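Annotation comment: TrEMBL describes 38-55, 75-104, 116-133, 139-158, 179-201, 221-242, 262-279, 299-328, 457-477, 570-590, 602-631 as transmembrane segment. The domain 'FAD-binding FR-type' annotation in TrEMBL covers 330-450. If you look up TrEMBL, you'll see 642-664 marked as region 'Disordered'.
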Amino acid sequence: MAHEREPLLQRHAAGAKGSSSAPAAAPPPSLARTVLKFLMWAVFLTWAAGIFLYPTKPAQAVFKKWVGLTRDSTFGIAGGIFLTFSAPILIIALLAYVYISFFPSDHMEKRKLRSLSFRLWTFPVLVDGPFGVVSAVEFIGIVLFIVYVVYSMTYYALESVSLVSKFHIPSKTDSELMLHVIGLRFGSVGLFCMLFLFLPVARGSVLLRLIDIPFEHATRYHVWLGHLTMALFTLHGLCYVIEWSMQGLLLKEMLGWKEVGIANLPGVISLAAGLLMWVTSLHPVRKRFFELFFYTHQLYVIFIVFLALHVGDFIFSISAGAVFLFMLDRFLRFWQSRAKVDIISAACRPCGTVELVFSKPASLRYNALSFIFIQVRELSFLQWHPFSVSSSPMDGRYHMSVLIKVLGTWTEKLRSIITDVQEQNRGDSELQCGRITACVEGPYGHESPYHLMYENLILVAGGIGISPFLAILSDIIHRIEEGKQCMPKNVLVLWSVKKSKELSLLSAVDAQTISSSVSDKLRLDIQAFVTQESQAPLEDGIVGDDQKVPGMFVKNGTTMSGLVGTGDNFWAAMYFLASTLGFLLAYALVQVYYVKPHNVMAWWYLGLLFMLCMVAGVALPGGLVVLLWHLSEKRRLEDEKWDAAAASQSPRAEQAPPAAGGDDDAAAVPGAGLAALRTTRYGCRPDFEAEFAAFAERAGDAADVGVLVCGPQGLQTSVARECRARNLRRGGGAGKSGSRAVFHFNSHSFDL
């Protein structure tokens, strides 16, 4: 099979080089890499230190001098504040585009493979509590944010007490002044936290790609920062509400809209929108009323716009850089998600799972741990649901598949459409009804496939959590077959399901038969645990036929777009650069030809103009670059059209099994399919202590073991606890704690 595909793969690989984001020339020397890293770290550390030290008097003095230098310039005070707090993020983003373009992910991957060691970001420190499983790096980040908030507010409080004590004023006025000053400080610290709030939710952000944090991991940071930011803004508003109540001016002040100074009413509207988002995002509400959470979260537009009206341009410019990066990402996602994507086939599996196979261009990059967002317009025009990819990029160049567990209303309706079409088409093959109009956003994921970093790999899944691991297994098998770089040699799969019918999901892997060349190089052990059945059913081993429905959408040659996620680095950099320069140019023109000639002084109006300039920069010059990018992608797709059309007829044809009498190396070993390698146990759950101990003994004394978990929070907690315990006991002598293996914990679960 590998030999038959080789000419085709070589031809496509040669063709793909021209459209790849990486330059054809050899990458710059290591000195250039070091210089780029040094510049990014220098900018980041200086920026972070400036934020941390901002409350102190020396930092305030330097800041005032810096802002004074730009006061009389075209950009005014807002320009100085923007350069101090927002521009560093944009500078790092620009350097990141240069870095990932000249040093693409394959070079990063090779470097990582040579430097496996104990890692803080894969060592679970906390496994229980409100934060879930927290690695050492995440714990350090949490502590730093808490220290910053406590330190800043303590400094401000002491400073306020010292300031108020200098004036001889009545105690009531004294309390009101204290509330006013403390409320102001809560708001300023909240703005600095908001500076980080929008960075994790820019799904295709180059910053996330640079540090190789996939969006599904970054969402938890957004959740943590959201709680912190809204708590600070709520305290900010509460201080003023109490002060106004003490003065008997509550209603008047809340409805106040000053021309010069802080406009209170926009602040009230912004805070109300933020509180609605915050309350509906709490886990109990989000879990039971997901649609309420989803639709309420669209109030972020009201939250941002009215915040700018509330504080004006120069204060809003503190957090404008992160908001601008989010706007860039949101516009690009909007452009990508407009296209309707061909669904090559749809299947309803006997275990209550739906499989969708989408058409994609050969140049679209993703890995076995990627996510995509799917919208089905027949179900909702607004809802986008994330699903992990269940196919390996080596399964086929022109298709990508996902497995969808039927759990809620949206997935129930999706299955109903597919089954209805299947039933109606059974009687009339010409009948075409109930088709799905699908749009896809992504793919998102790790910049490099980190499952290939480990020679020893443990995959722990719960239910449909096996989906990304099917892609991993397929990826490993194909890599070994084709002689490509592949670290995993010893793989253990621990899979817990409720009912035995879910075991049929193993049939979703394309390469169900493992050749002798693979079995010699890969030791694969699949342990399945059926928790709600005490013994095997009578029909054990009998897998029902999938109800396949080809052509759910009229074929028009439309494939997934590569604008977001792992898109072309050159065009992405041009889009970022054009939008940023367009924003700065628009703001300069507004200042020169409108604000200063007409002596515009209203803070809220200046904040609105600032926001409009940001939108104009993204939509006009940025939109032009995206249009050119789209046309370039369209021309490239035309070149691939003949192959894509052939692939759309049969998504499995690209990986067809070898003909009888073919190469001996590619001959399948009878009975060596994945299902045959599975050992099933009924009425029990996996004993992680015993399983990990046995695997560590088999892997060797000083092995690095990658542990990947995809499943509910309880499963992640159990596995993280075992990894932490074994790492802490590492080198403890003979017996149960004698293994020196390091267990690297990684989770792969998406929780909005």
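Note that Cβ sites are derived from N, Cα and C of the backbone, with glycine treated the same way.
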Chain residues in Cβ proximity to the transmembrane segment (299-328) (below 8 Å; excluding those fewer than six residues from its ends, i.e. six or more beyond): 76-78, 81-82, 85-90, 93, 191-192, 194-199, 201-202, 205, 207, 262-264, 266-267, 269-270, 273-274, 276-277, 575-576, 579-580, 583, 603-604, 606-611, 614-615, 618, 622
Distal contacts, the transmembrane segment (221-242) - CB-CB under 8 A, six or more residues away: 131, 141-142, 145, 149, 179-180, 182-184, 186-187, 189-190, 193-194, 196-197, 200-201, 250, 253-254, 264, 267-268, 271, 274-275, 277-278, 281
Secondary structure content, the domain 'FAD-binding FR-type' (330-450) (per DSSP, counts of residues): 28 helix, 40 strand, 53 coil
Closest-packing stretch to the transmembrane segment (179-201), where packing means Cβ pairs under 8 Å, from 75-104, 116-133, 262-279, 457-477, 602-631: 75-104
Within the predicted model, mean pLDDT of the domain 'FAD-binding FR-type' (330-450): 79
Chain residues in Cβ proximity to the transmembrane segment (75-104) (below 8 Å; excluding those fewer than six residues from its ends, i.e. six or more beyond): 20-23, 27-28, 32-33, 36-37, 39-40, 43-44, 46-47, 50-51, 63, 66-69, 192, 195, 199, 205-207, 209-210, 313-315, 317-322, 324-325, 447, 569-570, 572-573, 576-577, 580, 587-588, 591, 606, 610
